[in-house]
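For reference, TrEMBL has these:
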- 29-271: domain 'G-protein coupled receptors family 1 profile' (DOMAIN)
- 12-37: transmembrane segment (TRANSMEM)
- 49-76: transmembrane segment (TRANSMEM)
- 88-108: transmembrane segment (TRANSMEM)
- 120-139: transmembrane segment (TRANSMEM)
- 177-198: transmembrane segment (TRANSMEM)
- 219-243: transmembrane segment (TRANSMEM)
- 249-271: transmembrane segment (TRANSMEM)
Amino acid sequence: MNSSTEPSEMFFIIVFSFTGILILIGTVISLIIIICVSMNNTLQSVSTLLSCNSCALGLFYFIFHTFYIILAFYPLPTYRQNSILCQTIGYLYSVTCCGISWSHAILASNRLCYSLFSQYRWLLTYTFAWCLIAIHWILTFTLPFPFIFFDAYQYQHESRICILTTKKTSTSLMGVILFYNIPFTVTIIVYILVWCHARRSNNTRLARNARNLAIMRHILTLVIIDTICGHPYITLILLDYLGKATKEWYLFVSFFITLSVTANMCAIFIFNRKLRKMLCSKWIDWRGSPSNTSTTGSAMIPMRISTYIVMSGNIMAGISKSPVIYHTSANEK
């Protein structure tokens, strides 16, 4: 039975159903990227290693949010009482959100190394990439941890989720700055530096324009994805501070975060040209294999042609005074 602070049960069912669809899509895409890269040596590089790191965090988020949906309808005994269990779950949820935001900055840093500091070969090695991944995971688990001591992770009846509550303005704003604003700003600044360097490069004009368009496409995509993720939460903080937040806003925030993570997985897949070409070639080979072609249909084609020829010959023989003789090949006899 819903409390007065919760939206209707049907609202939860609808929103969580769409969230489940997004989780399914994101999980499939993440698994495709990780499996294809791990099984194909031609796809393995430093940049794809960092992309797989982002996909691993995406899987972590999707698995965890599925657990959230289950708890929303079948809660554990102490889950809704701001217990240690609730705070632990809220902390881990913040870990996933923080990790995905900072993964953008890690990918941008790798792009910066390739564009501006390519003379330092050690910056382009797998060893340095693993160091970036290690720093990334340390930040991911460290930054959300201090909020536990401020009782910032609480159960919100409006969304049935233990989360970094927006009802405490100071801690929620600090969380937005650490989990969203700083990595978002770093990512945009790095890509702008890469774009400016590409404009000053000595390559041909056509290649330079193509590179500029690709970099700007990356920038705009990341801006859109991060905007979907962070701005609804920031808006809810403001509405909570003004006392004008509706019950539906709280659940919409978690939905838009899930939408952002799924869009991030899709962007990683779309921007990986080698992976797309490989999957397209595999699909064409699979469609063209003998086991997936209809031999019966192909065998019937000569018989149909012969039938049409005989029928047309009979018609012509009826019109013409002289008989019409048709020669058929050995295959048609």
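Count begins at 1; order follows the chain as displayed.
Each residue, glycine too, has its Cβ placed from N, Cα and C.
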Cβ-Cβ under 8 Å with the transmembrane segment (88-108): same-chain residues at least 6 beyond its ends: 47, 50-51, 53-54, 57-58, 60-61, 64-65, 67-68, 71, 79, 132-133, 136-137, 139-141, 143-145, 147-148, 152-154, 161-164, 175, 178-180, 183-184, 186-187, 190-191, 194, 222, 226, 229-230, 257, 261, 264
Long-range neighbours of the transmembrane segment (177-198), counting only residues six or more past its ends (CB under 8 A): 94, 97-98, 101-102, 104-105, 107-109, 111-112, 115-116, 143-144, 208, 211-212, 215-216, 218-219, 222-223, 226, 229-230, 233-234
Intrachain neighbours beyond the transmembrane segment (249-271), with Cβ under 8 angstroms and 6 or more residues off its ends: 7, 11-12, 15, 18-19, 22-23, 25-26, 29-30, 32-33, 51, 54-55, 58, 61-62, 65, 68, 97, 100, 104, 156, 158-161, 163, 166, 218, 221-222, 224-226, 228-229, 232-233, 235-236, 239
Folded-back contacts onto the transmembrane segment (12-37), same chain, C-beta under 8 angstroms, at least six residues removed: 6, 43-44, 48, 51-52, 55-56, 58-59, 62, 65-66, 69, 72-73, 160, 251-252, 254-255, 258-259, 261-262, 265-266, 268-269, 272, 275, 278-279
Remote residues contacting the transmembrane segment (219-243) - C-beta distance under 8 A, at least 6 residues beyond either end: 97, 100-101, 104, 166-167, 169, 172-173, 176, 180-181, 184, 187-188, 191-192, 195, 249-250, 252-253, 256-257, 259-261, 263-264, 267, 271
